[in-house]
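Peer 1: Right, I'll just put the structure down here and ask away after.
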Amino acid sequence: MKLSSFGLFLALQLLPALGLPSRIDEVDVSDPELIGLLKPDNVDKPANSIPLSKRSTSPSYAPYTVACPSGSLLRPASDGLSTGEQEFVDKRVSKVNSALESFISKTGLKIDTKSVLNDTDGPRLGIAISGGGFPAMLTGAGAINAFDARNGNTTSLGGILQSSMYLTGLSGGSWLVGSVAVNNFANITFLHDDVWNLDHSLFAPYDDAFENFYIYQEWFEQVLQKKNAGFNVSITDLWGRALALKLVNPLTGGANTTFSSVTNETWFQDGEFPFPIIIADNVIEGETVIPLNDTVFEFTPIEFGTWDTGVESFIPMEYTGTHLINGIPLNESCVRNFDNAGFLMGTSSNVFSGILPATNASLTASNNTFNNAVLSFLEMLAEDQLDVGLYPNPYQGYGNASNTTTTNPLEPYPIIELIDGGSDSEGIPFWPLLHPQRDVDVIFAIDGGYQSATSGWPDGSSLVSTYERVLATNSSGVRGFPYIPDTNTFLALGLNTHPTFFGCDGRNTTAGNHTVNDDTPPLVVYFPNYPWTMYANVTTYTVQLEDTLSSGMIENAAVAATQNNSDSFAVCVACALVQRSLERKNMSTPSQCASCFNQYCWNGTIASTTVTTYAPTVLSAKI
């Protein structure tokens, strides 16, 4: 990752401005001389510039304390779904079944829908949006737009969004999930046109240089509010403030918009759209490479925590930020407002922890003053734990209630350090959808990740990583996963050039050859980014996209997801949706589906030839 000189300068100012350890002289960001240094030549302050005094009245970013409920705040994972999530699922089941019936009827798939959809044992779909910055967000947005029945009959897959129970995201995918969740699940066109403002840089959101300076000063002040309230802060807080202006609220910046407040949104209370989940990876102090078996944390509007062995517990999202000892608050006070939506999305997409390992060699090789300064800055971030999201540990002193033989890896630490949800190479957030408590039958995996070895196009590596994690952990705590080939096979067989189904036969998965039941691993439908209407292989670190580019990427993803609005492919999608339900109920697979599976399911072949180059060309005209 390359830091712009402007971005580096502002990052360098953040640390002394917050009073944090630094090798840089103290700098007062409000000093008139500093403002003079930043003032562009021959540019006067515009009359309509927003005064700093008005910006200072923005809602507080600082967490605050409230009285705690009695008893332990931690819920063991062995309890199953939280009460709040279960209530949401119960409200949504009938809506999902109704949407599925409409979609299946529209496709013309000949099955007895009443038998398949007549109870809570009907198909349960989860949609997973990959990481990869704004390009991944836009790829996911294109797929979601194609899946949205609110767009009428303009796409062949309209209704899939309404048929889904869960929506997960990590890194750039978390930006999409978080943005739709806090904006009352507005449609993609509205978000693109009226919220995201991607034609302005993430690091320079306004046309006027003074406005950009003032917004940075506002962000500094907001993060200082949090620090002065007694909480650890890091560069992730500033990152989250920048993201929130793009993704949460372009007018106020969402300084006090929390993820738990999603429960107050009309769509959530009515169960109208899928349950949102954002994930981040835990990093233990001293780790420079994140292992594949790291602890994966979930953020939902209901709670924060993990199903993973050793911790296996959750705290209510509204009280995230409360430091607990053995599940009990230290001073009988609970923290509120810590779960800032921008901060959570910033945590899930925190790439700063990857900067030092990725750039150390190249910076060291070029022995010049600027590179040495950058390297020194990055080392400082790592040494002082300022390159991670810092969360007061609710698990300190907590013995795992469901498995006392397993050590809680977070037990000694007062602070949990969280980083980009794809840091363990699992670039698609499958993990929350594999836990048996959620009963997910099929996962639609939207892959907009940038892979440098394949000219920026997906190569299936994210599926491979999750498959390897499941094998390495012996499926501990999860239902298993379909068999996945190596990335060379993806390229050689073209599995990354179109939607590909994995696990079509529920008896042939990592769970073994067993009768298909509620514990059978889900079928995975893989939707890779591909150049149907344009070259959408934009680098992860792109922070500004012209409207024509961003809208074009959304359109390209929609065309790729629908296979250019193919009615025959829509039938095959319907087959994937109902397959596990048919298998569980011992119902025969329709002949239409047999033909679909022959075309789209990976048949187990492993490529023997090595692919050395991969550079696809634009495929078709627009819809």
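From the backbone N, Cα and C atoms, a Cβ is placed for every residue, glycine too.
As annotated by Swiss-Prot, signal peptide applies to 1-19. Taken from Swiss-Prot, the feature domain 'PLA2c' applies to 67-607, supported by sequence analysis. Residues or ranges marked as N-linked glycosylation site by Swiss-Prot on the basis of sequence analysis: N187, N232, N256, N264, N293, N360, N400, N403, N474, N508, N513, N537 (among others).
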Peer 1: Quick one: give me the count of other CB atoms within 10 A of the CB of N264 (N-linked glycosylation site).
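Peer 2: Excluding its own Cβ, the number within 10 Å is 10.
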Peer 1: Taking only the glycosylation sites N264, N513, N537, which one has a CA atom nearest to the CA atom of N232 (N-linked glycosylation site)?
Peer 2: N264
Peer 1: Of all the glycosylation sites given, N187, N513, which residue's CB has the most CB neighbours within 10 A?
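Peer 2: Result of the Cβ crowding comparison: N187.
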Peer 1: Rounded to the nearest angstrom, how far is the Cα of N537 (N-linked glycosylation site) from the Cα of N264 (N-linked glycosylation site)?
Peer 2: 37
Peer 1: When you rank N187, N256, N293, N537 by Cα distance to N508 (N-linked glycosylation site), which of the glycosylation sites ends up on top as the closest?
Peer 2: N293
Peer 1: At a 10 Å cut-off from the C-beta of N537 (N-linked glycosylation site), count the other C-beta atoms across all protein chains.
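Peer 2: For N537 (N-linked glycosylation site), the 10 Å Cβ neighbour count is 20.
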Peer 1: Provide the number of Cβ atoms within 10 Å of the Cβ of N293 (N-linked glycosylation site), excluding the reference atom itself.
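Peer 2: If we count other Cβ atoms within 10 Å of N293 (N-linked glycosylation site), we arrive at 14.
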Peer 1: Where among the glycosylation sites N232, N256, N508 do you find the Cβ with the fewest other Cβ atoms within 10 Å?
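Peer 2: Comparing Cβ neighbours within 10 Å for the glycosylation sites N232, N256, N508, N508 has the fewest.
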Peer 1: Between N537 (N-linked glycosylation site) and N256 (N-linked glycosylation site), how far is it from one CA atom to the other, in Å?
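Peer 2: Rounded to the nearest whole number, the Cα-Cα distance is 35 Å.
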Peer 1: In Å, rounded, how far does the Cα of N513 (N-linked glycosylation site) sit from the Cα of N293 (N-linked glycosylation site)?
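Peer 2: The Cα atom of N513 (N-linked glycosylation site) is 25 Å away from the Cα atom of N293 (N-linked glycosylation site).
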Peer 1: Give the distance between the Cα atoms of N187 (N-linked glycosylation site) and N293 (N-linked glycosylation site), rounded to the nearest whole Å.
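Peer 2: Distance between the two Cα atoms comes out at 36 Å.
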Peer 1: Cα-Cα separation of N256 (N-linked glycosylation site) and N293 (N-linked glycosylation site), in Å?
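Peer 2: A Cα-Cα distance of 34 Å.
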